[in-house]
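S.K.: For reference, Swiss-Prot lists these features for the protein:
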type	residues	note
ACT_SITE	204	active site, proton donor
BINDING	4, 179, 180, 181, 203, 204	purine D-ribonucleoside binding site
BINDING	20, 24, 43, 87, 88, 89, 90	phosphate binding site
SITE	217	site 'Important for catalytic activity'
């Protein structure tokens, strides 16, 4: 056990689907996994282990922002032996061609956070998804005939900001989605010798002020969840 995870040793599978919202983790466990058991609930950050297509698989919440996500990722890797972390989350869009509920697979993550510079002794760390997980997500999307956009996302430390210059910059660099964790997750995985990937569903369009409800973000992102589950199976082979 750790200060933040009260699961016993061996409770987690080698692959964990990692959700910002612990209720999304609970939804995945209850609706997609067989024989799912709750294994951790400290601070209401729920985690479950069950089976998907006869493979042991875990799903857990990681909270909002790089600091929270990084704590759980580090502990899962170093204390529980987790090898693969797949963030299954939501994001906002700025590009005109992207719509609500579009699926995005992150190849890399830019950020306004300083955490990777601190980790990498003030040099610029290239925060990229692990190729095995990235390619498994791409293959799973193709297998399921689900269209997924692929490219760079932006991990921000500031959820509430109205920086129009930043939005223009993100559009110019063709940033597919704005979220709060991927860059930090990729950095933690690299530092501790694990693999990480990230798949997102567009829950908001920042410039068009379009949004989904909290309930929709918990329960209606089936395409993303299916891709992540099928990718986990590919990693097990």
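Each Cβ is built from the backbone N, Cα and C atoms, and glycine gets one as well.
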S.K.: May I ask for the distance between residue 89 (phosphate binding site) and residue 181 (purine D-ribonucleoside binding site), taken between their Cα atoms and rounded to an integer number of Å?
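M.R.: So the Cα of residue 181 (purine D-ribonucleoside binding site) lies 9 Å away from that of residue 89 (phosphate binding site).
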S.K.: Cα distance, residue 87 (phosphate binding site) to residue 181 (purine D-ribonucleoside binding site), nearest Å?
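M.R.: Cα to Cα, residue 181 (purine D-ribonucleoside binding site) and residue 87 (phosphate binding site) are separated by 9 Å.
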S.K.: Measuring C-alpha to C-alpha, could you say which of the recorded positions 4, 179, 217 are within 10 Å of residue 24 (phosphate binding site)?
M.R.: 217
S.K.: Determine the minimum-neighbour residue: among 20, 89, listed as binding-site residues, which Cβ has the fewest other Cβ atoms within 10 angstroms?
M.R.: 20
S.K.: Taking 179, 181, 204 as the recorded positions to compare, which has the smallest set of other Cβ atoms within 10 Å?
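M.R.: Comparing Cβ neighbour counts within 10 Å for the recorded positions 179, 181, 204 gives 204.
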S.K.: Including all protein chains displayed, how many Cβ atoms other than that of residue 43 (phosphate binding site) lie within 10 Å of its Cβ?
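M.R.: 14, counting other Cβ atoms within 10 Å of residue 43 (phosphate binding site).
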S.K.: Can you tell me the CA-to-CA distance separating residue 203 (purine D-ribonucleoside binding site) and residue 88 (phosphate binding site), as a whole number of Å?
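M.R.: Cα-Cα distance, residue 203 (purine D-ribonucleoside binding site) to residue 88 (phosphate binding site): 12 Å.
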